[in-house]
Amino acid sequence: MFIAVVGLSHRTAPVEIRERLSIPEAEVGERIQQLRAHPHIEEAAILSTCNRLEVYIVTPEMESGVRQTMQFLAEAKGIPLPQLRPHLFTLLYQDAVTHLMRVAAGLDSLVLGEGQILSQVKKAQQLGQACNGMDRILNRLFKAAITAGKRIRTETGIGTGAMSISSAAVELALQEQGSLSQGKVTVVGAGKMARLLVQHLLAKGAVDITVVNRSLERAEALAKQFEQPIQVLPWESLLSSIAESNLVFTSTGATQPILTYEQLAGVLQPDQPLLLVDISVPRNIDPGVEKLRGVQVFNVDHLSRIVEENRAQRQKLALAAEALVEEEVEQFMEWWRSLETVPTISSLRHKVESIREQEMEKALSRLGKDFAEKHLEVIEALTRGIVNKILHDPMVQLRAQRDIEARRRAMQILQELFNLDPMPFQAQQER
């Protein structure tokens, strides 16, 4: 058997192609069944996100399995294969294993180290299991990838640190104020960036959030996107809301400053502490506001530096993460290579068990009908225990042998000594 992955991602395909090939969660089970219907695909799993579509397969015939998977992708979305092929990538053997582990760790993501992909890999495993698309090999692979993703995040911390302006704004506010659960937060604006601000604020513990926008309807629509209560105020209440806040974010499309020194000086108490974070371009807050005592102002340039510092830090952490990926890949490959021993071990166990059963029948026939049932159970347990004890060490040593040639010599010796005829099993090679 062989492992392969065929797919596309933000690295290989534009968004127009990714959109067309995206497979909704509700369709995944049906699509996996379509894949499994192909004669050379034994197992299948689909990982579909906004930035990637990847099909993982286990196949006895590598060339045929990959070809059938490519054809499936083309036919599923009605894209001619010659048009689709330039955007596809194919990884085989250990490269496919390494790829999934890097994906789960966020090392192949558009935002290096992002955490959402790990939950998406978990969901792909759940969907594959639910429709019986995954068996022993892909189940083990996805479990190993999820373990790798968790370990890398825990040991390297690669997922920490803001990587967007909105998250950096909230991270900065948290650093400056220590906690967001105390006091009032005002968000000025109701567009995409404002929504992200509210999302990050809630995630970091803010509980008293007010959204102010020129269009009250848009502000109300934003508030409805969250389960937590978000207060909404009309534009006329902007200054009064700011006067009651200790933290303000501005994110509007205004081409001129909406907050000036004169406006804030007229509503703030002397030396009133206030943190203003302006994520707009052009700036929403006039530079003169910084002259107010007790007021701190941060803009996009401050936030961009934070994002760049975090990005550079993640690049350093990625080196350590890659080393951990190699360790996890090698553990999986050891298990994968050990599957080559399964037919020999199974054949040996079957032969020894047959001998045990035959000898049990002979012994019982000599003991006669008066032999007690409880004695039979004891002898059954005794003989099975002897068989298991005898076979245990050879089986463990055979599976643990890392040298491929040495393991194959050991299997051949066992087959010759015990006259075994194991079923053919095509083991995965490292390359």
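Using N, Cα and C of the backbone, Cβ positions are placed for all residues, glycine too.
Quick look at what Swiss-Prot lists:
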ACT_SITE  C50  active site, nucleophile
BINDING   T49, C50, N51, R52, S109, E114, G115, Q116, Q120  substrate binding site
BINDING   G189, A190, G191, K192, M193, A194  NADP(+) binding site
SITE      H99  site 'Important for activity'
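Positions of Swiss-Prot features highlighted on the structure.
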{"residue": "N51", "record": "substrate binding site", "Cβ contacts under 8 Å, 6 or more apart": "S9, H10, R18, S109, L110"}
{"residue": "H99", "record": "site 'Important for activity'", "Cβ contacts under 8 Å, 6 or more apart": "V5, L91, D108"}
{"residue": "G115", "record": "substrate binding site", "Cβ contacts under 8 Å, 6 or more apart": "G106, R153, G159"}
{"residue": "Q120", "record": "substrate binding site", "Cβ contacts under 8 Å, 6 or more apart": "L47, T49"}
{"residue": "G189", "record": "NADP(+) binding site", "Cβ contacts under 8 Å, 6 or more apart": "V211, N213, T250, S251, T252, G253, S280"}
{"residue": "A190", "record": "NADP(+) binding site", "Cβ contacts under 8 Å, 6 or more apart": "V211, N213, S215, R218, A219, A221, L222"}
{"residue": "G191", "record": "NADP(+) binding site", "Cβ contacts under 8 Å, 6 or more apart": "R218, S251, T252, G253"}
{"residue": "K192", "record": "NADP(+) binding site", "Cβ contacts under 8 Å, 6 or more apart": "none"}
{"residue": "M193", "record": "NADP(+) binding site", "Cβ contacts under 8 Å, 6 or more apart": "I165, S166, S251, I279"}
Greatest C-beta neighbour count within 10 angstroms, which of the recorded positions C50, A194: A194
S109 (substrate binding site): tally of other CB atoms within 10 A of its CB: 19
Euclidean distance between Cα atoms of C50 (active site, nucleophile) and A194 (NADP(+) binding site), Å: 22
Distance in Å spanning the most remote Cα pair of T49, C50, N51, R52, S109, E114, G115, Q116, Q120, given for substrate: 15
Neighbours of G189, A190, G191, K192, M193, A194 excl. site residues, C-beta within 8 Å of centre, NADP(+): R195, L196, L197, L222, S251, T252
